[in-house]
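Feature annotation from TrEMBL assigns compositional bias 'Acidic residues' to 295-306. Annotation source TrEMBL lists compositional bias 'Basic and acidic residues' at 318-329. Positions annotated as domain 'TFIID subunit TAF5 NTD2' by TrEMBL: 120-248. For 295-347, the entry in TrEMBL reads region 'Disordered'. The repeat 'WD' annotation in TrEMBL covers 377-418, 450-485, 492-523, 534-575, 576-609, 618-650.
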Amino acid sequence: DRQTLVAVLQFLRRSNLRESEEILRREARLLGDDLGAAALSPTGTGLLGAAGGDADSAGENALLSRVTAAATIAIGGSAAAVASSSPGVAAVAAVPPGKGVVVEDQPDVSAVLSAYNQQGDPTLYEEYYSGLKHFIECSLDCHRAELSQLFYPLFVHMYLELVYNQHESEAKSFFERFHGDQECYYQDDLRVLSSLTKKEHMKGNETMLDFRTSKFVLRISRDSYQLLKRHLQEKQNNQIWNIVQEHLYIDIFDGMPRSKQQIDAMVGSLAGEAKREANKAKVFFGLLKEPEFDVPLDDEDEEGENEEGKPKKKKPKKDSVGSKSKKQDPNAPPQNRIPLPELKDSDKLDKVMNMKEAARRVRLGPECLPSICFYTFLNAYQGLTAVDITDDSSMIVGGFADSTVRVWSVTPKKLRSVKTAADLSLIDKESDDVLERIMDEKTASELKILYGHSGPVYGTSFSPDRNYLLSCSEDGTVRLWSLQTFTCLVGYKGHNYPVWDTQFSPYGYYFVSGGHDRVARLWATDHYQPLRIFAGHLADVTCTRFHPNSNYIATGSADRTVRLWDVLNGNCVRIFTGHKGPIHSLAFSPNGRFLATGATDGRVLLWDIGHGLMVGELKGHTDTIYALRFSRDGEILASGSMDNTVRLWDAVKAFEDLETDDFTTATGHINLPENSQDLLLGTYMTKSTPVVHLHFTRRNLLLAAGAYSSQ
């Protein structure tokens, strides 16, 4: 490690990165003064000589990249024994921000791969692997399930090592002999792997590079780990031990080993499970206090009752709307934690309307299921790729593969544009109905088509005040449209690749987008650059959702993980693993405590955000789940899938009596109910229409949407 440190210092000096060198040296003093002194000596004496004063830069690059890879591992507690570098170095390598440093996101390919230097005899690889396999299969049941997690990462790394060192025939026979033993949910990764048969193939393959640079995380009990370590050291099986130390991160916990079911529920993502440390940060999942303002009483209702000579019903006077939520939620973030836009008068009016609708809301439950109204897009030969419905259910928008965005009015009220500037100047600005007068009746129609994108439109989102509409596309842009003029106001360029999803914050002003470049970006409508960039996923960010309090954003990815990001500082505060395929839908419960996620594996997983734990698994769909939505009060979860069904689940029952004690949180010993069929309240088939979007109206009518497919 000292040699590495000195090599890094030399490299920084040669690249004229003085500041980084200073920081590194300050950190190095923490490791020991003698090292600091030795590193300071400019000539090749002492330690420096040992590192090789004129070490060629390729070697240093390799060292450096290895340190950088190590730096991404937060070394904590019991895992320190397994990680290959000392905590000091890990801390140091994370510091230098200089240009010369290999940035973790875009690793220098040759340096990364050179970690697969020639080790061991290629003909013995099969023997090594089958020896370990035999040992694990013969171990006690309680350890076998845990140790079986090693099969997949070892298989991949040993195969890549053989390919990298150009032992192509050995690699081929190794793959053919053992690929059938891997878990079924790794099939897609193995297909990619089987196409890498030459050293040259490895350079362009992003997935494999990620596999190389990020350590595969396994969660194993201390007993199982000791057993493995003893076996490998007795057998002198250095090849496998080297891979375990170099490429795996073993998160050791004290306590009972986990069962096969518990492990199966949590594994399956590209980089293994999440480290326990990753889900320790505090999350303010409570809701913000609603602003208080006076609600005018309806007179019409009272008059209607009076006509037939019945006595007037006395309505209890409501002094202010926010009366029910006067107390601040203890789990809520501070009101001013992130700046939110002020409420305009029109927003207050809308809130009042919302309250009135809510008073007539149907209380849902197992005995009272919602009616479902399905909007089918017929003859959508343009290819429907995205749908959204306004919060008040007055408009519906479709994004299409022919790059158009089409907005329909769902109510009898037609869509109208604002008059031209010349006509507007003639209007009496003081009149009461000025908002009506500015609208041009001649433009009234049920459908407006918005042109501007140059590729399929993959995501659409209405602003909460219904003045704006977002759309994101394969062309790499997110566009903001005005629903007053039905024209494009801004094109936000930040993603260089297709943008898969976008969504407005529940408070407006902010929005999030996620795309093929593996990052999600947070924007504000009045900034043309993103405010935050959330980087960490190992594959496309396929869907994005704001938490109801707007302080957090959830992203689902093709790396089969869901991450929760803090809007304030851009940190990743939760990593949820357990899906076996790319994630395509996310929904927060209305109270902000839970998250539901759906993926291509046809499972809906339920997560407790505060504890960072999986608390439920809903099985039933047979194809990708593209839509998830909780009812307005959170009693029912609706899921819509490519299998042409909408399913309703009992969310109250799913979230009651959760075992979220400290032990479960610490070890991930989750106990999911065996049978999710008890939670299924109903399945509703369409004739031949995959469900792309779901929406509960303010009165809890469920709206669903999709395009009829004739196959």
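In case you wondered, yes, glycine gets a Cβ from its N, Cα and C as well.
Unlike curated records, TrEMBL annotations are generated automatically.
Keep in mind it's a predicted model, so treat the numbers as computed, not measured.
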Note to self: Are there residues at least six beyond either end of the repeat 'WD' (492-523) with Cβ under 8 Å to its Cβ atoms? List them, or say none.
What the structure shows: 340-341, 455, 458-465, 468, 470-480, 529-535, 537-546, 548, 550, 553, 555, 557, 565, 567
Note to self: What does the DSSP secondary structure composition of the repeat 'WD' (534-575) look like, as residue counts for helix, strand and coil?
What the structure shows: 0 helix, 24 strand, 18 coil
Next item on the list: Check the repeat 'WD' (576-609) for me and report the mean pLDDT.
Entry: 94
